[in-house]
Amino acid sequence: MWVDAAGQMFFSLSVCFGGIIMFGSFNKFKNNIYIDSLIISVMDLVTSIIAGFVIFSVLGGLSTESNVEIENLAKGGFELAFVVYPEALARLPIPQLWSILFFFMLFTLGLDSEFALLETVLTCLQDEYPKLRKFKGLLCFSFGVCCFFFALPCVCPGGTYVVGLLDGYAADFSVLCVASCELIAVMWVYGSRRFMNDIQFMIGYTPHPAAFWVFCWTICAPILISMLFIYRMIRYEPPKYDNGEVYPEFAQSVGWLLSGLCLCPRPLYFIYRFCLEPGSIKQVLNFRFHCVQA
């Protein structure tokens, strides 16, 4: 349950997906990121609580009416969004209106997520190769077309199994690994004190209580994420079909390959930049791990 809750937190806040860093790069340098992060976190918490009340009130009503336990009504995911919830909406006054609003909301949520993910990739490419900024429209269109064709298997007759494979591998283990790497790189390699000084330089004051934030960043978060990752590996279960049958080994191999593809750009880019730098190995490592003061 706690692993699922952590996964939901990563998804709802878009942590470790690159979107937050991408959007933050467009802020003014003196923007108060501390207040922004608190507002976003609190609003996400409140929204999740409200959504939980709504969903479980609907499921509770259906459970009482159909005399079926809540855990047997829906397993979550697609079944909850496209089967159980529409069935509940059909029992409301003017069900057509509520159904249109509900599915329009799902459409806009998916579109919004796609905007963030696609813009993250485009921003990285344009920052690395500034000449591409002249062709931003063409680049965006090209990536959109590519994403469209890559997503076609998800809407085929067996698309639910493809989505289950993507959800079980590409957005599970890799997210926890990315979170661990970011915490280690920023809080231990770069340094929590230097990071706190950077925040103070940007917003004009030190976030209080500073000791609490440093403890969370350097001790609490790395330990909790590492424990979640280890627990997830120990209790690993391959994805299953609707009838309970386990995915074939070939599909599981594809899933692990997807997880690897999500993680390999970081070491590959480090090796790429390492090979471009002149000098000995020791000189390059000292230069790459040396933090220049602003």
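A Cβ is built for glycine as well, from the same backbone N, Cα and C atoms used for every other residue.
TrEMBL entries are annotated by machine, without manual review.
Per TrEMBL, Na(+) binding site is recorded for Ser12, Leu109, Asp112, Ser113. Sequence-distant neighbours of Ser12 (Na(+) binding site) (same chain, six or more apart, CB under 8 Å from its CB) are Asp44, Thr47, Ser48, listed in sequence order.
Nonlocal intrachain contacts for the transmembrane segment (6-26), taken as residues 6+ away from its ends with a CB within less than 8 angstroms of a stretch CB, comprise 33, 40-41, 44, 47-48, 116-117, 119-120, 123-124, 171-172, 175-176, 178-179, 182, 225, 228. The annotation transmembrane segment is assigned in TrEMBL to 6-26 (among others).
Marked as transmembrane segment by TrEMBL: 38-59 (among others).
Feature annotation from TrEMBL assigns transmembrane segment to 97-118 (among others).
Cβ atoms under 8 Å from those of the transmembrane segment (138-163) belong to residues 78, 114, 118, 121-122, 125-126, 132, 241-242, 247, 251 of the same chain, restricted to positions at least 6 beyond its ends. Annotation source TrEMBL lists transmembrane segment at 138-163 (among others).
Under the heading transmembrane segment, TrEMBL lists 169-190 (among others).
Residues or ranges marked as transmembrane segment by TrEMBL: 211-234 (among others).
Long-range contacts of the transmembrane segment (254-272) within the same chain: residues 165-166, 168-170, 172-174, 177-178, 181, 239, 247, 288, each at least 6 residues beyond the stretch ends and with a Cβ under 8 Å from a Cβ of the stretch. Annotated transmembrane segment per TrEMBL: 254-272 (among others), in sequence order.
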Original post:
Within 8 Å of the Cβ centroid of the Na(+) site residues Ser12, Leu109, Asp112, Ser113, which other residues of the same chain have their Cβ?
Top reply: Ser14, Gly110, Ala116
Subject >> Intrachain neighbours beyond the transmembrane segment (169-190), with Cβ under 8 angstroms and 6 or more residues off its ends >> reply: 6-7, 10-11, 15-17, 217-218, 221-222, 225-226, 228-229, 232-233, 255-256, 258-259, 261-263, 266, 289, 291
**OP:** State the residues, same chain only, that lie 6 or more residues beyond the ends of the transmembrane segment (38-59) and have a CB under 8 A from a CB inside it; answer 'none' if no residue qualifies.
**Re:** 8, 12-13, 70, 73-74, 80, 84-85, 88
